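Engineer: What follows is a single structure, and I will ask about it in a moment.
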């Protein structure tokens, strides 16, 4: 395990505790922080395009909520100069609300514990109020005119029989409450009738469920006697097997990768300027009036980085691990370290290349390895792993790992078209997990374009008498209006991001190819609220011209925003994207019909995408990878 010390050389360094304290002090001095104020977001602003570190102005962006009901503010602070650069009041009825605060979770449960309508509904179900837990959930935007401009959370109830009990096993169905967390008012309680509360417990560490633990697993020991092959300098700058990058962390997006480049001979060649998972939404497919509003933007409404786990060696990460411990702000502007929040290691990844040639007699084998940069976050019932992989051959991959406990409901006696049955009387509504990767591309610089590639079956006839021929079709996407695209597994559709001004030795533009997983996009009706609010999730690919203030696919303020912000507003400008400074936004996700095997705790399910070199190099970039020593002491074929 290698410790990392955060230094202050790079403009892409992680935020330090000292800097966050400085921001807090600047805000207090300016009268922007006080007893009624809460920080809903605080993050480092990326340096402006082309800005050098010698002229750096270290700036932070801050969203400030007022619990008394005064208008929130978006503030920009310069730590370098010790000043507030701007402070803008927000009309939340138009802009949307700031992200959900953790203290508001408690507000919902406390208010409902004394609400007569809520207590009456619990009494009708013969439930002990002291055992009822409430999941406070982002509200979305629906037909309730009275909610406009109000900060609303909705609450669903679960029974927790004892402190260690998994309350998700005991949903209280037919009941939901709407709460204004600013005015401290329960605005609605909807009770559609009593459903039996599932009684069977879901305590996944209880011997009653686990049975005798396995004794068949032998130890797997991963060691690197000489240490890992990567180096960490300046606190977060990584060099590994010709790769160079800066690892950042944002309380909203989690891990952010900056300045991803590959050393090709004596050139350090840029590939991606900034890569992040800029949004994730979990839309549910149950039309019941109790749950038809369930659509959570885990990134924009809850902030995935805020709930990042402290990772443990041998549990979350295995091998020779280097950790980074990012520092974020709490709601009062105090620095909070997420100890070992980012895990970095390299791992063997099977065969890289192999051939046994009958003519030359050469037997060739090279082993692959990859660099892994990851973090895990817990958002309510679900846990998500965000894993970035770099490979020896220049491939970049992202993988999301979904696990945790599925969100539960009662299972209707007559069955359901929208809910799976997990256990007697226990259901789990169908849902999706949809992510948006924001890829600020820089293939050999910022002059880039995107081509869509499809396989084409050639018709049998003259020139193709045996009907065996197939080809490919490439279409250049020239404007933003043309670059809102759908994946197509039938044609093997991919997208090539290239630099028309940089050529390989065959005089072809250098590029990278984006390979999608070809899972369904948003399944909600196009006229639905969630289709307006999560427009990014309706298409697999969006390409926009780069702009400093276009950071998120759903816009800056997602919570209770009615829709239209983010990508729809960006592409409305219909800018030229052919040979320009562009951003590629890739939508990918899981469609989850929960299985009985997903209960009481869900084994990991995965989804992601790959970027592979497409003419970026002049030949295979792994010819210089040496053969591994074999177990017998000699070297593998080669």
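Cβ coordinates are placed from backbone N, Cα and C, and glycine is handled just like the others.
Quantities reported herein were computed from a predicted structural model and do not represent experimental measurements.
Straight from Swiss-Prot, here's the annotation block:
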ACT_SITE  298  active site, proton acceptor
DISULFID  317-343  disulfide bond
MOD_RES   382  2',4',5'-topaquinone
ACT_SITE  382  active site, schiff-base intermediate with substrate
BINDING   431, 433, 592  Cu cation binding site
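How about a rundown of where these features are and what they're close to?
Structural biologist: Taking Cβ-Cβ distances under 8 Å and a sequence separation of 6 or more, the neighbours of residue 298 (active site, proton acceptor) in its chain are 280, 281, 282, 304, 379, 382, 384.
Cβ neighbour count for residue 317 (disulfide bond) (all protein chains, 10 Å cutoff from its Cβ): 21.
Residue 382 (2',4',5'-topaquinone) falls within a strand when secondary structure is assigned with DSSP.
For residue 382 (2',4',5'-topaquinone), the count of additional Cβ atoms within 10 Å of its Cβ stands at 20 [all protein chains shown].
Around the Cβ of residue 433 (Cu cation binding site), a 10 Å sphere holds 22 further Cβ atoms from the protein chains shown. Under the DSSP three-state reduction, residue 433 (Cu cation binding site) is assigned to strand.
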Engineer: Out of 431, 433, 592, which of these binding-site residues is nearest residue 317 (disulfide bond) by C-alpha distance?
Structural biologist: 433
Engineer: Going by C-alpha positions, which of the binding-site residues (431, 433, 592) is nearest residue 343 (disulfide bond)?
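Structural biologist: Its closest listed neighbour, by Cα, is 433.
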Engineer: Which residues of the same chain, at least 6 positions away in sequence, have a Cβ lying under 8 Å from the Cβ of residue 592 (Cu cation binding site)?
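Structural biologist: In sequence order, the residues whose Cβ lies under 8 Å from that of residue 592 (Cu cation binding site) (at least 6 apart) are 402, 406, 430, 431, 432, 433, 605.
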Engineer: How many neighbouring Cβ atoms, not counting its own, are there within 10 Å of the Cβ of residue 343 (disulfide bond)?
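Structural biologist: Result for residue 343 (disulfide bond): 25 neighbouring Cβ atoms inside 10 Å.
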Engineer: Given the Cu cation site residues 431, 433, 592, which other residues of that chain have a Cβ within 8 Å of the mean position of their Cβ atoms, reported in sequence order?
Structural biologist: 282, 284, 402, 430, 432, 589, 590, 591
